[in-house]
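**Q** In case it helps, Swiss-Prot gives these features for our protein:
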BINDING   89, 112, 114  Mg(2+) 1 binding site
BINDING   112, 115, 277  Mg(2+) 2 binding site
BINDING   115, 116, 117, 118, 208, 241, 259, 260, 261, 271  substrate binding site
């Protein structure tokens with residue numbers, strides 16, 4: 001049995017000039033995940049369920065657990081001293097860590113502390129998403145927004161934690177995707193899936209079909225394609241949608257499938273956040289042999305212009321993402 005800590009140290013040689021900072025940073029995220037795991041499991045017994053009454057910069061009401069998870073992860077990252085600053089879906093602006101150690105830290109972290117938190121009240125899986133970049137401003141200075149507005153192709157590491165029937169941490173440093181299952185009796189994450197890859201063919205699609213009338217024409221055509229009978233391509237595909245990006249992505253990663261969150265009339269630029277959700281999941285997808293697109297472009301090639309930028313998002317088995325891109329090209333909206 002190999003623990004996450006042992007595995008990270010073992011793989012440290014994958015990085016040129018590695019001196020342990022990234023290892024310590026990932027350990028901080030691991031600690032934050034353990035704390036969130038513990039408190040999610042007793043959320044119904046203490047007053048951390050429901051809405052907080054506070055709205056974020058996008059005007060969305062934040063859940064109590066969103067804010068709680070944000071504070072716990074932020075504290076864990078700050079305490080290790082390997083992070084110069086963070087950007088979070090729950091923070092209006094970047095958070096700059098102070099002190100000499102932070103100013104000399106090489107990395108910045110972007111995160112969605114608790115994806116799918118509206119599902120907590122009904123005991124449905126939720127997750128944490130994180131993304132790590134090497135800063136571009138000089139060491140010895142405070143980080144700026146420019147350190148966070150880098151294309152996803154510049155990510156050093158990315159991953160997620162899914163809190164479900166078991167808690168799993170899945171991550172990549174650009175050398176494959178690896179998954180670890182939490183053993184609460186020992187308090188450690190143990191390697192359970194090494195070098196995870198999408199199956200070559202998928203047969204599941206994940207989308208909120210209740211919004212069908214609002215979807216672009218190409219996406220509507222693709223959904224109909226998924227539902228058609230065709231033995232050669234093993235259609236119809238199965239529709240599976242949880243409403244938590246982490247949970248839907250995780251299932252599709254292991255079973256084969258595509259997750260779709262297109263632009264709609266309500267969200268013409270898409271709803272998911274490029275920096276906190278799309279980029280890290282796209283990095284994981286590509287490292288697992290999959291693909292991620294905004295319908296026209298590779299997600300990891302997009303240069304972000306603002307912290308809370310949104311994007312349409314299609315991610316999963318490569319051939320399925322290719323298909324939806326083809327439908328979007330062939331059936332453009334006027």
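Just so it is clear, glycine is given a Cβ too, placed from its N, Cα and C backbone atoms.
Tell me about the surroundings of these features in the structure.
**A** According to DSSP, residue 112 (Mg(2+) 1 binding site) is assigned to a strand segment. For residue 112 (Mg(2+) 1 binding site), the count of additional Cβ atoms within 10 Å of its Cβ stands at 29 [all protein chains shown].
Cβ neighbours of residue 115 (Mg(2+) 2 binding site) (same chain, under 8 Å, six or more residues apart in sequence): 126, 127, 128, 129, 160, 244, 245, 246, 277.
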**Q** According to DSSP, which kind of secondary structure is residue 89 (Mg(2+) 1 binding site) found in, if we only use helix, strand and coil?
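**A** In three-state terms, residue 89 (Mg(2+) 1 binding site) counts as coil.
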**Q** Name the one residue among 117, 208, 259, 261 whose Cα is closest in three-dimensional space to that of residue 89 (Mg(2+) 1 binding site); these are the binding-site residues.
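**A** Considering only the listed binding-site residues, the nearest one is 117.
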**Q** Tell me the Cβ contacts of residue 208 (substrate binding site) under 8 Å, same chain only and six or more apart in sequence, or just say none.
**A** 241, 243, 261
**Q** Might you list, by sequence position, any residue in that chain lying six or more from residue 259 (substrate binding site) with a Cβ less than 8 Å away from its Cβ?
**A** 206, 207, 245, 248, 249, 252, 313, 314, 315, 316
**Q** Using DSSP and three states only, what is residue 208 (substrate binding site)?
**A** coil
